[in-house]
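K.L.:
Here's a structure for you.
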Amino acid sequence: MAPTDPHSYTDSAHPVTTHITLSLYIDFPSTTIHGSALLTLTSPHTGPISLDTRSLTIHQILDPKTLTPLPHSLSPTTSFLGQCLSVHLSNHSSILVTYSTSPSSSALQWLSPPQTFNKKYPYVYTQCQSIHARSVFPCHDTPAARIRYAAVINIPRELSAVMAAKHVNRRDPVPREVEGVGWGSEMDSMWAAEGRVVEEFEMGLPVPPYLFAFAVGELGFREVGVRTRVYAEAVPELLDAAAREFAGAEEMIRQGERLFGEYCWERFDLLVLPPSFPYGGMENPRMVFLTPTVIKGDASGAQVVAHELAHSWTGNLITNKNNEHFWLNEGFTTYAERRIVEAVQGEDRAALNIGIGWRGLNEEMERFKDNMEFTKLKTKQEGVDPDDVYSQVPYEKGFQFLWRIERQIGRPAFDEFLKKYIATFKFKSIDTETFLDFLKSNIPGIEKDINLELWTEGIGIPPDAYEPVSNIYTQIISLANEFKLGRMPREDEVADWQGQEWELYLENLPKSVEASQILALDARYRLSESKDYELKVAFLQLAISSGCRDYYGEVEKTLKEVGRMKYLRPLYTALVQGAGKEEEKILAKRVFTEARVCYHPIAQGVVESIFAKHL
Ligand code: BES
Ligand code: ZN
């Protein structure tokens, strides 16, 4: 056994999957998917081959040519890695698996009608990064093994399906079209039953499995650009607001192309998910998934869109070989995002984003002070659940590293280097060493000016990292320092502030201040009632850590209306961290018990591990 990825059972000595054909029957009443997966390997193989699965029930494993069963075994579930499905091949180059997911499959969130906007139909969507694709279909679930795929999704006729893939057709299901897969006659008649429809998709470019994504619900869309539609639940006000918020998408794509080369995914559609979506955005190719919390009416959603768009080059074209090199995805993307933001919104806005990132990076040093491994860019993740160690470090330290290189060689040379890097490694999955070798051979002598080893393998923040300077950034930091001396900002000083300015201000206040100061600040600026969750959560976090109980009602409400982990993590942590605080701990446990069903399984897991650590 020669694993290439600490998070996968894939054996690097064996052929890997290059193509998957999926048939998925979405069964809302049982919140399961009945599926068949036809896996094609790089070459014929004899002997065992290892696939990743998690909470799947395997029905049959067949030789697709003869439909005869192939010997196989499923290891017990020992951890978040799921189960290793070992199939014994005799010169086979393809495998057919029929299986069902379980209601607890970690990639899938099933929403009942009352949990949707229109409250009429159910909804289901996937979130596969980092290692949840295996809970939707058996696969070599490592970004080292890129796949093309075709998928047929069978859904109730009132609904529609979207995928991070090309839409090919919506048509009636054909009786027995999946006959060959041996699902049995019951499944065959369900497939073509009255009231069902199938949607067909194709992903013709090789992508890592974590970019597999679909959503099914009562969906509508608006056109916002020549290659961009925004999709969301079919609620006219929601669609209109989303279309307004993301009207600038095409301009961002053009800036991206200017900076990083051709946009090669053809479409750049956006899907606005229900409020329980656990991330701000997910860079699913051709169709980025977004939290509805970015729609605030002040065009600030642009930052998240710029980020997910930037992944079209860094992450989706060049991919980290495994999660130990995650900074290659997120650090490059954070750098690229800020270049796009600078081009469309100006230098001050970009500097503000860098400042918020800088603050975040410094806070992560505190969070990981007993586990400094995760302050490195390149990390060891054997036995580590990537969802547990998700942090700003790969984003912000990665950004700082690239920014440092830019300062060293100058922007024109760095721009040229980036374009060449992307052109050289597109559609490849690489590691930190490959990047460093490429850097050293294209920028000779760079290792004499920058301590590359300290940056990539060292803990903490290197001394040549850099806090941004800009008028607005500096002004906000000094106002935050004055608050410590008892002075609140005047109306005229904050007149132009949007959410991000406030966020930066709040995050630079001391962790704990007098409750009376919090109340006074809120009485003047109404931060606790803001529609901007970034700001509101920063405020509530400060209120909790200052022991100001007046806002616990608002905390509870927030924890029950959104499932974005960026908000759940700090709020639950602030409630349960530290000695004493019995009332807070009881509150946290009660709220989680009540809100749990509304969270995505990944978010449920993350809150559970916060509790396990602190309770
Ligand atoms: N790819 C990430 C989201 C992700 C990371 C999902 C790891 C699962 C595991 C996405 O591109 C991202 O970084 N989203 C950010 C957006 C922000 C940086 C603008 C988020 O969700 O907060
Ligand atoms: Zn990202």
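Yeah, the Cβs are placed from backbone N, Cα and C, and that goes for glycine too.
Any TrEMBL annotation is an automated prediction that lacks curation.
The model shown is predicted, which means the values in this text are computed figures rather than measured ones.
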K.L.:
Kindly point out which candidate in GLU330, GLU342 is recorded by TrEMBL as part of the Zn(2+) site with HIS307, HIS311.
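P.N.:
Zn(2+) site check in TrEMBL: besides HIS307, HIS311, the record includes GLU330 out of GLU330, GLU342.
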K.L.:
Using Cβ-Cβ distances, find the residues under 8 Å from HIS311 (Zn(2+) binding site) that belong to the same chain and are at least 6 apart in sequence, listing them in sequence order.
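P.N.:
Listed in sequence order, they are GLU283, ASN329, THR333.
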K.L.:
Within 10 Å of GLU330 (Zn(2+) binding site) by C-alpha distance: pick out those among the recorded positions GLN127, GLN129, TYR279, GLY281, TYR395, MET565, and say none if nothing qualifies.
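P.N.:
Of GLN127, GLN129, TYR279, GLY281, TYR395, MET565, within range: TYR395.
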K.L.:
Relative to ligand 1, which of the binding-site residues GLN127, TYR279, GLU283, MET565 have a Cβ found under 6 Å from one of its atoms?
P.N.:
TYR279, GLU283
K.L.:
State the count of C-beta atoms found within 10 angstroms of the C-beta of TYR279 (peptide binding site), not counting that atom itself.
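P.N.:
Within a 10 Å radius of the Cβ of TYR279 (peptide binding site) lie 22 other Cβ atoms.
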K.L.:
At its widest, how many Å does the recorded peptide site span between Cα atoms of GLN127, CYS128, GLN129, PRO278, TYR279, GLY280, GLY281, MET282, GLU283, ARG564, MET565, LYS566?
P.N.:
17
K.L.:
Quick check: with HIS307, HIS311, GLU330 left out, which same-chain residues have Cβ atoms within 8 Å of the centroid of the Zn(2+) site Cβ atoms?
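P.N.:
Nearby residues not in the site list: GLY281, GLU283, GLU308, ALA310, THR314, GLY315, ASN329, PHE332, THR333, THR334, ALA336, GLU337, TYR395.
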